[in-house]
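Visitor: Quick one: this structure, given as structure tokens, is what I'll be asking you about.
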Amino acid sequence: MTQDKILILDFGSQVTRLIARRVREAHVYCELHSFDMPLDEIKAFNPKGIILSGGPNSVYESDYQADTGIFDLGIPVLGICYGMQFMAHHLGGEVQPGNQREFGYAQVKTIDSGLTRGIQDDAPNTLDVWMSHGDKVSKLPDGFAVIGDTPSCPIAMMENAEKQFYGIQFHPEVTHTKQGRALLNRFVLDICGAQPGWTMPNYIEEAVAKIREQVGSDEVILGLSGGVDSSVAAALIHRAIGDQLTCVFVDHGLLRLNEGKMVMDMFARNLGVKVIHVDAEGQFMAKLAGVTDPEKKRKIIGAEFIEVFDAEEKKLTNAKWLAQGTIYPDVIESAGAKTKKAHAIKSHHNVGGLPENMKLKLLEPLRDLFKDEVRELGVALGLPREMVYRHPFPGPGLGVRILGEVKKEYADLLRQADDIFIQELRNTTDENGTSWYDLTSQAFAVFLPVKSVGVMGDGRTYDYVVALRAVITSDFMTAHWAELPYSLLGRVSNRIINEVKGINRVVYDVSGKPPATIEWE
């Protein structure tokens, strides 16, 4: 199926992928590539328009230059922050360090233009935006006009109406820019003329065809974790190749309470997929003994998964592929996306824990989808809502929710505490009757391998501490800690301390992302 496409060239901003998400929300297909994508590949991609992302560097650094031939393709170009500076610099304007950095909220006064017409916030011809820049455009290129300014940035927006080139010094992709989505939609839909044909039914059709082409008659093994991503991946691959897919559900001793039974029942009842249940708790615990470094734990868990899959592969004579539920944020955090300049934060279990000598080829049908798109895909594939809207669970399971060394004792305590937390979130509603489980995007307990003094009855206790974590996010790229009611937190704390022998203190994590990540390890 032929569809209109937008190309995003990434200069290294940590929020570039939000641009892709906003474009897809307009039902237009887009791809994100490194800023140095060769011009012949750009031409072959045949985009309706190009978006140049922000980035942390200066236009005067030679290592961060895109092919300026993009300005000769006869298609609209939108430069965001660094992208605007790159456009101005290479088209004859001037860029210089600002007298003061602009970071955070700003109000832009706009002039009527093809990009801004009819788009404003509370006051006429004003936009509430999010800035993050030091350098700024100090002189316009020929053919450009100013269409927006702030007191400290006289050229905050610029336009070449004839060539349909636009530059904006702020970030429309972040939610802090109130009309950011409207501006991006104006560029993508109206200026570029892209037709909104990218929908989940269309995506399923294309993904199924691609999987069939990749796999052929080979057999595929997929590891089920019980989480949303692997479940949706299994449904999509099963739609494409049916019984060529065998799912391997590995019980590594790091699952949530009663999860093994739930996963087996759910897949047998709802999907009809072949599932092999492997009890490997002893194998995983032995390998993790004495290991405290989170990166080493992740890689050990990844390596042990591969060992398990290798053992199962020998039983499947035609197995050639290992399928995973890797999604876009996983790839981004590991700096493994199609761009070269992302900054590595931590290795993800789906992309950073694979041994170099892995015998199976990798199949990752969800790697270009954001979490909300994965859920939408799951619903379109007919999966039950309770499965699709379950909170994310990491592949290493409780292994990255137990700080430091992983022990069976710790896992058993954490399982119980986590289950109590989730129960209370499901059973407690806000004033509109919505459960706090549905109001939060991800919630879980974390085991801290430290003991604190407590008093229970007439006796002194010296037991472990559990931290509760709950966040609200639309894309898992950034997140706010959930402001849960004190009464809810109090009930959770009381139940954990009274029902889980070995825990005598419960704390609540109030860190956002950034600066913290959602998972503790």
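Even glycines carry a Cβ here, placed using N, Cα and C.
OK, Swiss-Prot features for this one:
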type     : residues                                 : note
DOMAIN   : 5-197                                    : domain 'Glutamine amidotransferase type-1'
ACT_SITE : C81                                      : active site, nucleophile
ACT_SITE : H171                                     : active site
ACT_SITE : E173                                     : active site
DOMAIN   : 198-390                                  : domain 'GMPS ATP-PPase'
BINDING  : S225, G226, G227, V228, D229, S230, S231 : ATP binding site
Visitor: Any idea what the Cα distance is from D229 (ATP binding site) over to C81 (active site, nucleophile), rounded to a whole Å?
Guide: 33
Visitor: What is the separation, in Å, between the Cα atoms of E173 (active site) and S231 (ATP binding site)?
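Guide: Here the two Cα atoms lie 29 Å apart.
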Visitor: For H171 (active site), write down the residues of its own chain that are at least 6 apart in sequence and whose Cβ falls under 8 Å from its Cβ; none is a fine answer.
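Guide: In sequence order, the residues whose Cβ lies under 8 Å from that of H171 (active site) (at least 6 apart) are S13, V15, G54, I80, C81, V129, W130, M131, S132, T177, G180.
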Visitor: Over the span of the domain 'Glutamine amidotransferase type-1' (5-197), how high is the average pLDDT in this prediction?
Guide: 91
Visitor: List the residues of the same chain that sit at least 6 positions away from G226 (ATP binding site) in sequence and have their Cβ under 8 Å from its Cβ, in sequence order, or write 'none'.
Guide: F249, L255, R256, E259, M262, V263, F393
Visitor: Relative to the Cβ position of S230 (ATP binding site), how many further Cβ atoms are located within 10 Å?
Guide: 24
Visitor: Could you work out which of the recorded positions (C81, V228) has its C-beta surrounded by the smallest number of other C-beta atoms within 10 A?
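Guide: Ranked by other Cβ atoms within 10 Å, the recorded positions C81, V228 bottom out at V228.
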Visitor: In sequence order, what residues of the same chain, 6+ apart, have a Cβ less than 8 Å from the Cβ of S225 (ATP binding site)?
Guide: G325, F393, P394, G395, G397
Visitor: Please compare the recorded positions E173, D229 by how many other CB atoms fall within 10 Å of each one's CB, and tell me which has the fewest.
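Guide: Among the recorded positions E173, D229, the sparsest Cβ neighbourhood within 10 Å belongs to D229.
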